[in-house]
Amino acid sequence: MAFPRTLKIWKMGIVNYKEALHLQEKLVSARKSSKIPDMLLSLQHPPTYTLGKRRTDHNLLIPESDLAKLGAELHYSERGGDITFHGPNQSILYPIISLRDVGFGARKYVEKLEQTMIEMACLYGVKAKAGEKGETGVWVGDRKIGAIGVRISNGVTSHGLAFNVDPDLMYFKHIVPCGIVDKDVTSLRKETKEVLPSEEVLEEQLISCFVKLFGYCKTQVEKIPLTELDFGDEIENLK
């Protein structure tokens, strides 16, 4: 069943990483069988360290047993990339889209995610760029402002991007972010000279950058707290 270039967007607030992972798995399965259109999850996580499929535990610089003292959790996933941190005031987009339908290969898809964050930074006078070879994500000078870790299964994407609006950067001191040594992490708040608007405005701006770069002609936006979400009913309603 074919769909027009419509993107369904769920604004979900703060969502536990494990619950978000479970939701993505359900949506990916539904997207593979064309039961739903392309989706975009916009959310934040409570303090969470995540490792990708390479399982580079050595880049966590403190014992796992100490994470509770920081109010943080550790989760493993099957995305690409190395260890990273997610937390409040970091904007996360998880696209569940069919690359075959949009006509992108994996490399172009990642480049579009990078450009989404570059354009978001540009709105506030911050000159960001994609990383050099071996440096994933988006950078302001030698400071990382946005991370990318994706999974592509049978042409359908999950996981995505994390853009640092104003997270507590101290959490990054306990890891080697994305496995890249001797590099700092920054945020939009730290880099811009402008006053940032509300969280809701910032979320909408990042989504708009994504929609424009991926060429969607129509969007449908809903605010859906995960506590109110019934996977079966909501997926059925997306058809």
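Cβ atoms here come from the backbone N, Cα and C positions, even for glycine.
As written in TrEMBL, here are the features:
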type	residues	note
ACT_SITE	Cys178	active site, acyl-thioester intermediate
BINDING	Arg79, Gly80, Gly81, Asp82, Ile83, Thr84, Phe85, His86, Ala147, Ile148, Gly149, Gly160, Leu161, Ala162	substrate binding site
DOMAIN	34-218	domain 'BPL/LPL catalytic'
SITE	Lys144	site 'Lowers pKa of active site Cys'
Between Lys144 (site 'Lowers pKa of active site Cys') and Leu161 (substrate binding site): CA-CA distance (Å): 13
Protein Cβ atoms within 10 Å of Lys144 (site 'Lowers pKa of active site Cys'), excluding its own: 25
Around the Cβ of Gly149 (substrate binding site), the count of other Cβ atoms that are within 10 Å: 24
Mean predicted confidence [pLDDT] for the domain 'BPL/LPL catalytic' (34-218): 90
Surrounding CB atoms that lie within 10 Å of the CB of Arg79 (substrate binding site), all protein chains: 21
